[in-house]
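Asks: Here it is, the structure, as structure tokens.
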Amino acid sequence: MEYSYRTKINVLFIVLILFVFAALGTAINAPRRKLTKKYRGPCMAVNSIDKCWRCDPFWAEDRQKMADCALGFGINAMGGKYGPYYIVTDNSDDDVVDPKPGTLRFGVIQKGPLWITFARSMRIRLTRELIVSSNKTIDGRGKYVHIANGAGIKIQSASNVIISNLRIHNIVPTAGGLLRESDDHLGLRGADEGDAISIFNSHDIWIDHISMSRATDGLIDAVAGSTNITISNCHFTDHEKVMLFGANDHAEEDRGMKITLAYNHFGKRLDQRMPRCRFGFFHLVNNDYTHWERYAIGGSSGATIISQGNRFIAEDKLLVKEVTYREKSTSSVEEWMKWTWITDGDDFENGATFTPSGDQNLLSKIDHLNLIQPEPSSKVGLLTKFSGALSCKIRRPC
């Protein structure tokens, strides 16, 4: 069958149109697709924290070097440095009143500094929330360690805690009852809410290279006067309310809260609270925000938020462009205009916007604080390239 000249022209025109739309779609989605491409080249330490320890083939022979690598407000978190090593050999969590030696629960309740590692890759289903005491490091490097399908981690009235290189997901609420809180104290606790990591009345905390998704409540909550916290190199996906810093608008004890978010990737299928802040001081530096629905950064109660060198890529939806959200202040613009929210050197893509407020000269007055110096936002894709739990191998660069 022969086609007419006009038919051939129409077919060619349709093919050309389809090609143009395909090319435009690729261009629009290119930044997101690059983020999901798996890197298979040589080890790269791409940000100020990772450069402290990564890519040394002998990292596993001096694991405690990592305790010197925190930056930001959690810089003094030493974890279990100078303490002995404890190796988790048993992935069970059957007895929360008298935990078995070899389990993770037995390790985290011991007195004194302890550096906790894992004998093999394992999946741990916590039957009750895991109470982590002071001067502990949970170090999952070199193994694939999942905390999943059970309770989450609770850091309560503790200091000097490091949690590194875990995969935490599908966290659910668990019932109350008797629970071993330390090696010499048994407590009666209420039901937990299903947070993946909950920080309560604690200080000097560092959470690094954690992959987190799908908890019943928050992925990371910090409340009740908690402060001096750094959350870095983490990868968050598949969650509604990601982070809550400050329990409520009456929690005056949170006025001194200071938290750093650095080199994190806020990824697919996230909704809001990245973070949601109250009262304190929050430094968000060189993070990659590639997905949000309601908002990315929210707050109330006079929270101070400094956003530096971050990348914000808005969704294609017309009404999902604004990064910020002020809660409980819609009736009083005069109120939230006093809250200091600064954007400095951020990159806004696909129509993303950020509404600043308050003292825009604050950066010149806070040189005394432990702030990570931001790198250009054009480098954020590289700085966060290895966010989440790493696939480290012993005697190889990590």
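Backbone N, Cα and C atoms are what each Cβ position is placed from, and that goes for glycine too.
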Asks: Check Swiss-Prot for me: it has ASP217, ASP221 binding Ca(2+), so pick out which one of ASP184, ASP192, ASP249 it puts in that same site.
Replies: ASP192
Asks: Based on Cβ atoms within 10 Å, give me the single least packed residue among the binding-site residues ASP192, ASP217, ASP221.
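Replies: Ranked by other Cβ atoms within 10 Å, the binding-site residues ASP192, ASP217, ASP221 bottom out at ASP217.
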Asks: What is the number of other Cβ atoms found within 10 Å of the Cβ of ASN135 (N-linked glycosylation site)?
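Replies: So the number of other Cβ atoms within 10 Å of ASN135 (N-linked glycosylation site) is 24.
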Asks: Nearest of the recorded positions to ASN135 (N-linked glycosylation site) by CA-CA distance, picking from ASP192, ASP217, ASP221, ARG273?
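Replies: Nearest candidate: ASP221.
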Asks: Pop the Cα-Cα gap between ARG273 (active site) and ASP192 (Ca(2+) binding site) into the table, whole Å please.
Replies: 20
